[in-house]
Amino acid sequence: MKLATEVTLKLNNGRTIPALGLGTVPSDDPKYVKDQVITAIKAGYRHVDTAWYYGTEKYVGEALKELFDEGVVKREDVFITTKVWPSFWHSPEKSLDQSLKTLGLDYVDLLLQHWPVCLHGDENGQPTQPKDSEGNLKYDDDPAEGTKFIDVYHSLEDILDNTDKVKSIGISNYSIPKLHQLLPKIKKHVPVVNQIEYHPQLPQQDLVDLCNENGIIVEAYSPVGGPGAPVLKLPLVKELAEKYDVSVNEIVDAYQILNGRVALPRSSNLERIKSIIKLPPLTKEELDELYQIGAKNPTRYTNDPWGYGLGFKWWEGDTLSKKFD
Ligand SMILES: NC(=O)c1ccc[n+]([C@@H]2O[C@H](COP(=O)([O-])OP(=O)(O)OC[C@H]3O[C@@H](n4cnc5c(N)ncnc54)[C@H](OP(=O)(O)O)[C@@H]3O)[C@@H](O)[C@H]2O)c1
């Protein structure tokens with residue numbers, strides 16, 4: 001059987017991205033991420049997804065240093081992504097510089113705008129979740145109608161053009177309305193990816209179609225639906241795992257990869273990380289059956305408040321998005 005760890009996808013700038021990437025949101029103490037990265041790379045993964053916000057860059061960096069020093073992989077063999085958090089929206093290059101220093105790297109392969117939102121952070125992006133006296137998020141720009149988030153993407157373009165610190169730039173958590181705002185304003189570089197929640201229960205085909213039309217690869221975060229792994233309880237996922245004699249995780253990642261998307265699973269369980277590497281050859285009909293689950297009954301598991309007002313469908317608690325209806 002083919003290995004998911006060996007599949008690469010072509011980005012719109014001619015570079016390639018490994019289709020399976022290890023997520024690094026910490027489950028508990030972020031220091032455990034070091035062993036997770038080492039385990040994944042030794043098992044064949046060549047792509048690690050981190051972010052300034054996660055607090056795990058230090059441990060990703062320690063893992064990479066050990067792997068480089070031991071000669072397991074070279075820098076150019078691995079694809080490293082980090083992101084600029086909304087409270088650091090005013091200084092993307094400073095955020096990147098902090099990330100590079102913490103990671104111990106000269107460059108990242110991909111820098112993403114984490115959310116198309118501008119939160120009120122200080123010169124070091126603190127606090128990361130600023131609140132007003134009533135406990136509501138404090139913004140520097142209206143999340144539904146503001147346009148400062150476009151300036152952030154322009155800064156990423158400038159970093160790409162004027163430095164050697166990034167190989168590619170992209171976006172994350174861009175809804176259809178936000179993409180419609182951004183795309184006509186791009187200076188030169190169309191984002192190579194849009195990282196969004198994606199799994200069989202949340203296909204968001206209209207958003208994926210818009211990304212595809214513009215050459216933007218979709219990266220699927222929360223491929224099992226996040227903590228509790230609700231997506232893995234779907235009877236069809238279990239049935240397919242038995243049929244192909246693979247793990248349930250490998251079925252949901254194959255659903256992404258065989259459709260030309262990047263899958264970003266994470267696990268605090270080292271044995272599980274090693275068991276998420278095969279690419280079962282799901283048929284077109286099976287891929288469609290998985291798609292139909294969410295097309296008929298969509299379920300979103302990420303409903304963070306900084307996603308309010310962005311125009312995502314099925315975003316629980318979001319009232320601002322109605323402006324885009
Ligand atoms: N751009 C963004 O805004 C954004 C948002 C969310 C995530 N992400 C990225 O995407 C990555 C993955 O997303 P996610 O963290 O939401 O993760 P996910 O991979 O959908 O879910 C991980 C959770 O599922 C559990 N799990 C996985 N397989 C399991 C199994 N077979 N049985 C029981 N439990 C299982 C894991 O538990 P164990 O630890 O016990 O395995 C963990 O708690 C993140 O780490 C991050 O890199 C990006």
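Cβ coordinates come from backbone N, Cα and C, glycine included.
Copied over from TrEMBL, here are the features:
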DOMAIN    21-293  domain 'NADP-dependent oxidoreductase'
ACT_SITE  Tyr54  active site, proton donor
SITE      Lys83  site 'Lowers pKa of active site Tyr'
BINDING   His114  substrate binding site
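Annotated features, which come from TrEMBL, shown on the structure.
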residue : record                               : DSSP class
Tyr54   : active site, proton donor            : helix
Lys83   : site 'Lowers pKa of active site Tyr' : strand
His114  : substrate binding site               : coil
Query: Can you tell which of Lys83, His114 has the most other C-beta atoms within 10 Å, given these are the recorded positions?
result: Lys83
Message: I want to check the contact list for the residue listed as 'active site, proton donor': same chain, sequence separation of six or more, C-beta distance under 8 angstroms. What comes out?
response: Thr24, Val25, Pro26, Pro30
Message: Give me the CA-CA distance between the residue listed as 'substrate binding site' and Lys83 (site 'Lowers pKa of active site Tyr'), in Å, as a whole number.
response: 5
